[in-house]
Amino acid sequence: MSTGDSFETRFEKIDNLLRDPKSEVNSDCLLDGLDALVYDLDFPALRKNKNIDNFLSRYKDTINKIRDLRMKAEDYEVVKVIGRGAFGEVQLVRHKSTRKVYAMKLLSKFEMIKRSDSAFFWEERDIMAFANSPWVVQLFYAFQDDRYLYMVMEYMPGGDLVNLMSNYDVPEKWARFYTAEVVLALDAIHSMGFIHRDVKPDNMLLDKSGHLKLADFGTCMKMNKEGMVRCDTAVGTPDYISPEVLKSQGGDGYYGRECDWWSVGVFLYEMLVGDTPFYADSLVGTYSKIMNHKNSLTFPDDNDISKEAKNLICAFLTDREVRLGRNGVEEIKRHLFFKNDQWAWETLRDTVAPVVPDLSSDIDTSNFDDLEEDKGDEETFPIPKAFVGNQLPFVGFTYYSNRRYLSPANPNDNRTSSNVDKSLQENLQKTIYKLEEQLHNEMQLKDEMEQKCRTSNIKLDKIMKELDEEGNQRRNLESTVSQIEKEKMLLQHRINEYQRKAEQENEKRRNVENEVSTLKDQLEDLKKVSQNSQLANEKLAQLQKQLEEANDLLRTESDTAVRLRKSHTEMSKSISQLESLNRELQERNRILENSKSQTDKDYYQLQAVLEAERRDRGHDSEMIGDLQARITSLQEEVKHLKYNLERMEGERKEAQDMLNHSEKEKNNLEIDLNYKLKSLQQRLEQEVNEHKVTKARLTDKHQSIEEAKSVAMCEMEKKLKEEREAREKAENRVVQIEKQCSMLDVDLKQSQQKLEHLTENKERMEDEVKNLTLQLEQESNKRLLLQNELKTQAFEADNLKGLEKQMKQEINTLLEAKRLLEFELAQLTKQYRGNEGQMRELQDQLEAEQYFSTLYKTQVKELKEEIEEKNRENLKKIQELQNEKETLATQLDLAETKAESEQLARGLLEEQYFELTQESKKAASRNRQEITDKDHAVSRLEETNSILTKDIELLRKENEELTDKMRKSEEEYKLQKEEEISNLKATYEKNINTERTLKTQAVNKLAEIMNRKDFKIDKKKANTQDLRKKEKENRKLQLELNQEREKFNQMVVKHQKELNDMQAQLVEECTHRNELQMQLASKESDIEQLRAKLSDLSDSTSVASFPSADETDPNLPESRIEGWLSVPNRGNIKRYGWKKQYVVVSSKKILFYNDEQDKEQSNPSMVLDIDKLFHVRPVTQGDVYRAETEEIPKIFQILYANEGECRKDVEVEPVQQAEKTNFQNHKGHEFIPTLYHFPANCEACAKPLWHVFKPPPALECRRCHVKCHRDHLDKKEDLISPCKVSYDVTSARDMLLLACSQDEQKKWVTHLVKKIPKNPPSGFVRASPRTLSTRSTANQSFRKVVKNTSGKTS
């Protein structure tokens, strides 16, 4: 500043510095400084200094007054705590005087100074305060006291995007919308000169209209002039951090804004798939996948993701040199993924969001999780004995968005300030503040009006949709009426049919009555005959034979008379029933006619209702037009209001005299607006109520029509059913009467014969029923077997489908090659026409090709015969092996039975020994004899035991020989198959090459002929007849060529089928071999257990020797261990949790069973060789940061070779070529630089190795996972022990196991550590660093732990 300036200009510049909110010496900053000094000096030990005491006595009272006047936490009432982190919490608050709702963030000064991170909040404050962007959460106020920093921000009631993704399955349409909003928000932050560096769904909040805003700017960093950032620590969340940020740890990190676009790609993938693309259970796994992103980025097959979305994700998740967005945000906006018909980039904020939060009030917190109360003790600054300055780092933090302590600078005012009264200036300043508050309120009212207009538009759309639905309902009603008419016609037709059937029934009834009358006449005749017979009996009383015959005749006649009487009574009953049925039919006919008339009346009523509905619909359409006109008028009034507001602001700036007039106009406008709004709302409510009434009336009418229709239909159906039942009863009764009449003519003898016949039939039918029940049981058993076979066939079909897909791909490649060949042939055929000499040469070539094809056929036949012979030999070998296996199984069963018998004998001997011991107390002599007998029995048992052990050893040797034979035969079979396939491929390639050479020769010859001069001259002289002959010959040759092609294609299809069959057989044999190996391993463990029991038996039965506990057999295997452990389900703990399995550890194998039933059936799901075991260790929180904290002490990790694993349903994983990672070799370790944000200690010096924000540089061995400070290696300190693991990382696998308790975990770890072989497995020599892949690179990723470390770090 030049000293020549006047005092007024100097004062004016100072005044501008004091007013500027971005200045470091503004009024708020100076007040913060005085406040901080008073806080830091007001202690008894410091007040002993006179200067400090005088300063405090002078300024303490005024500072206390200023503290009461400035904004403080007591000005707000807390509604609810909606978030909590490491430095404090976020509260939903309401201002006591204005009753406005805000989100207030509290940051503990003690925690920030303790963790030496007292500068991260400045960027957050500046971005939210000065962003002036709709995509960034706005900061209204920032203030402080002696314990906390307070940031009063706008409340986002929609919650974060994590909550949205957990409640909805996000479709691609929604993902496009939210990704576009994130892109615009990041562009706003980049335009301010900052990089966010922690873009994730947790930091994306939704406002009340469902639109997105970015928050949490604590990781932001200012860019230099080149748009780059230099940082030596990696900042961010592990799943969203970019490779260039990870590489910056412990080194010179230099990157730009493209690191934020990487996080956008991860966010888009997570929305569409449901999980992050580089998910792993450990930080090391996540870090290695991010560094190897070219190979580890994959898309699931079951998700329907568009090509544009995949392209955009791949463009984001790539190297920073070619990443989308490196050259500006415009290239992102031009991507095809963002093309749509619903919104544009310029109007994205004005469009309706996919999810608008349903809020009950302005303090609705339904989209936030309920948090428990923080019961921990809050730490504060200790009382210092000397000046510390704890409050000085926070000077200047205070900020007010709409408050100024000083008047606005104006040179004219400064010149005339001496003439203006101070009281007038103060009054004007107050009026300006009031106007600013009123303006702020007017802006809020304007926003509310716009929101109400949007809601009214939405309601109108809903009303239109409801009207359309009502129109559809009316159409449905009309269709139902037409259906009712059709049904009425059908019912009329049915009534006519029923009348006709009733007439037929009447005729039948008349016929039955005639038959009854004839039966009566017959009865009277029979009575007369009986009377005559009685007279004859009186006259011929002398003859006994005639009397007896007459008596017999009387008996029979009396029986027939009784039957006829019974039949007569039954006929009379049936006639009466038929008459009653006829009456009922007549009544039903009358009821049907009445119902028909009723349906006609209902139909006419429905027509009248439909006409009334049509009139109401026209009236509703007119009302909708009126509403639309009113809405347009409302929109015009809103525009007029906006124009008035702008005019008022201009008038306020021009002159202060017009302020009173503008206030009056504004008040009038407010009254008018409120009155119009109320009137419009009342009209809308009236119209909505009218619409609801009309809709209810329509629904009631529709329901009454449907109910009447359903009642009529039910009555008609009931009547029809009753008529049908009555008709069936009548017909049955008529049939019974006819049968009874016919039974009168049948004799008793015939009935007896029929009875006997029926009894025989009954017995025969019972036998048949028994046979059928047996057949049914057999069929059910067969059905169960068929179901099991179907399951196995379905499993095989799935495998065959996978093979079919692979073969289809190969066929497609062959077809493409074939198409290319056909295209070349087509070109050749075009050139053939019109060439006599060329045709002769082509004929020669065709003959040569035919000769080659015949040779090819003969070769194929020979190969097929050889393959069939080899297949037969292999089948024979397999059958022999199976027979040997069955014999071994029988021998094993015999051995088990022998062992059981020996166990029984041992039990008997133990009982005898117990009795002998009791009797030994009574008599010593008897005891000696029994001891001698028992010694003999023990000797016998020992002999049998030795025989059994020899048998078991022989069986084990035979088993090993068989397994060796199996392996050798499988290897030979594989080699033979590979040789056959290679020979076939070679023959095919030779044939293709010969054909290609022939074709190239033909093309070259054609070119030579065409380029000859003689040919050109002869071509001119050629006649038309020659040309025709050539064309005919060409056609013949073309036909022959087509035939040869078809034959060739048929041969290719045949060979392809044979190859498919062979590959399917190979897969089946491999799966069968794996199952056999796993079953053998389980059987071996069972045999081992039996041997251990036998050894225990021999030890316990040897009474004479009584060996001590220390004298054990060194040849016996170590003690087994078995129990329940949990493994990661589907390899993903976060989504699927843990899966329980029963684990058995024998001397050679580790067996995993799904349950105990599988263990009994010797059916393991996975088997590991103990010889291939490398390392066993407990895990730390950094290894499994996805797991719960209480589970970490129960988890341990095992490392083993790929070759030592055998599991069911093995899927061959593609070998990924990973990028080379830099690691340091030291004492066999392969150290990778990393940082720890979770609790971890150095294993060399036992000091802390972690920090939440600035952890020290660390190293971790990717073999044995030893952790240490980097300084130990840099300073060459001899504190690190050599690496305990010696294996190739690329050929090893690891597995996490969860025990039931911490003691169980220790037991498993100690047992498995003893099982690890001292020498590394064969074939696993330590690899050099250059040849190692980075498939399991152990680098740690970093996370800004705010939520997870709350309460843990103090």
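Glycine is no exception: its Cβ is also placed from the backbone N, Cα and C atoms.
Among the candidates Lys65, Lys72, Lys100, Lys105, the residue that Swiss-Prot annotates alongside Ile82, Gly83, Arg84, Gly85, Ala86, Phe87, Gly88, Glu89, Val90 as binding ATP is Lys105.
Looking at 961-980, 1021-1040, 1101-1120, the stretch flagged in Swiss-Prot as region 'Disordered' turns out to be 1101-1120. Swiss-Prot lists zinc finger at one of the ranges 220-275, 276-331, 780-835, 1228-1283, namely 1228-1283. A count of other CB atoms within 10 A of each Cβ picks out Ala86 as the most crowded of the binding-site residues Ile82, Ala86, Val90. The Cβ of Arg84 has fewer other Cβ atoms within 10 Å than any other of the binding-site residues Arg84, Gly88. For the recorded site, Ala86 (ATP binding site), the DSSP three-state label reads coil.
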